[in-house]
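Colleague: Provided herewith is a single structure, encoded as structure tokens, for subsequent inquiry.
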Amino acid sequence: MTGDGFELAFLSHYIKSLGFTPAQASMAFTLYGLAAALSAWVSGVVAEIITPQKTMLIGFVLWCIFHVLFLVFGLGQSNYALMLLFYGIRGLAYPLFLYSFIVIIIHNVRGENTSSALGWYWAVYSVGIGVAGSYIPSFTIPYIGEMGTLWLALVFCLAGGIIAMVSLRQVKVPDRMHHLSTRDKFAELGRAVTLIYTNRNIFLSGIVRIINTLSLFGFAVIMPMMFVDELGFTTSEWLQVWAVFFFTTIFSNVFWGIVAEKLGWMKVVRWFGCLGMAASSLAFYYMPLHFGHYFAMALVPAIALGIFVAAFVPMAAVFPRAGTSAHRSGDFGL
């Protein structure tokens with residue numbers, strides 16, 4: 001996730017610097033998000049059908065190939081159409097890797113420990129995609145530039161993918177669907193696609209999760225333009241602000257995962273996730289706008305956002321429980 005996170009907080013500004021409009025830069029992330037959502041939707045069931053390890057391998061190879069194509073023919077040639085094509089297809093890759101890994105987790109821990117186990121998972125996820133993924137570019141961009149940093153991301157993803165393929169070979173995996181006929185496997189995949197329409201609890205949980213991630217990933221797209229172009233921050237300073245946000249989530253992910261098992265999953269999501277993130281999202285915009293180029297003050301709402309966004313960690317445990325035991329992985333992928 002370090003390699004995948006390199007671009008998160010500076011790519012939109014870099015695309016704009018190539019001569020494209022903010023709307024065009026945002027469109028690249030929109031297509032990426034749609035592809036990632038589609039991939040995540042079916043990733044859990046695909047992992048059960050062909051094993052999580054094979055699904056992770058597909059995601060790993062897909063990411064590496066289309067990252068290279070994106071850099072060489074998209075950004076390298078300033079070709080907007082190819083940027084959208086290759087970046088969009090690359091968006092299919094990381095959910096296959098990420099959520100198949102989670103399928104392994106939920107099939108290897110006791111049900112009562114799911115929330116805290118996933119809290120630890122999202123903590124190390126934050127270390128990769130947010131902390132290392134933002135801090136490293138803040139130091140490399142001044143020396144090797146944005147393109148050099150994006151090539152460095154490939155090195156991290158290659159290393160992480162190889163480690164995963166080697167270390168997860170012998171873990172317990174779901175085998176319920178391994179011996180199904182091809183027709184039955186496609187039927188299971190179809191049930192995963194229609195699950196959101198046939199299960200009201202899954203549908204409502206999905207709405208909450210969509211709203212939760214709007215500001216999280218939306219900030220990564222629009223805030224570099226505001227901080228760098230309007231407030232006078234350097235790209236490195238902005239990346240360090242974003243890294244502090246993710247650094248905070250390392251601890252808050254674990255904290256809320258444990259608290260949710262004591263207070264109840266939905267209480268934590270409702271009172272600390274929804275209300276806390278709403279307030280901190282407003283602060284993340286208006287405080288820097290008020291104080292201007294003041295690095296210390298920009299960290300305050302970043303830390304607050306990092307605390308409260310993690311209160312949605314219990315949602316990862318809610319999805320499998322909201323569905324049926326026969327489709328736990330599909331529920332989680334949604």
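Glycine is no exception: its Cβ is also placed from the backbone N, Cα and C atoms.
Among the features that TrEMBL reports, domain 'Major facilitator superfamily (MFS) profile' is placed at 1-334. The transmembrane segment annotation in TrEMBL covers 29-50, 57-76, 82-106, 118-136, 148-168, 207-227, 239-259, 271-288, 294-319.
So that I understand the layout, could you describe where these features sit and how close they are to other parts?
Modeller: Here the domain 'Major facilitator superfamily (MFS) profile' (1-334) has a mean pLDDT of 85 out of 100.
Panel annotation: around the transmembrane segment (82-106), residues 1, 4, 15, 27-28, 31-36, 38-40, 43-44, 46-48, 52-53, 55-56, 58-60, 62-63, 66-67, 69-70, 73-75, 114, 117-118, 121, 125, 161, 164, 168, 171-174, 316, 320, 328-329, 332-333 of the same chain, lying at least six beyond its termini, place a Cβ under 8 Å from a Cβ of the stretch.
Counting only same-chain residues 6+ beyond the ends of the transmembrane segment (207-227), those with a CB under 8 A from a CB of the stretch are 8-10, 12-13, 16, 22, 25-26, 29, 33, 233, 235, 237-238, 241-242, 269, 273-274, 277, 281, 284-285, 288-289, 298, 305, 309, 312, 315.
Tertiary neighbourhood of the transmembrane segment (239-259): same-chain residues 8-10, 115-120, 122-127, 129-131, 133-135, 137-138, 141, 220, 223, 227, 233, 268, 272, 295, 298-299, 302-303, 305-311, 313-314, selected by CB-CB distance under 8 Å and a gap of 6+ residues from either end.
Residues 208, 212, 215, 219, 223, 226-227, 231, 256, 294, 297-298, 300-302, 304-305, 307-309, 311-312, 315 of the same chain, all 6+ positions outside the transmembrane segment (271-288), place their C-beta atoms under 8 angstroms from a C-beta of that stretch.
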Colleague: Cβ under 8 Å, sequence separation of at least 6 from the ends of the transmembrane segment (294-319): give me the contacting residues as numbers and ranges.
Modeller: 102, 114-115, 118-119, 122, 202, 205, 208-209, 212, 215-216, 219, 227, 233, 237, 240-242, 244-249, 252-253, 255-257, 260, 265-266, 268-269, 272-273, 276-277, 279-281, 283-284, 287-288, 331-332, 334
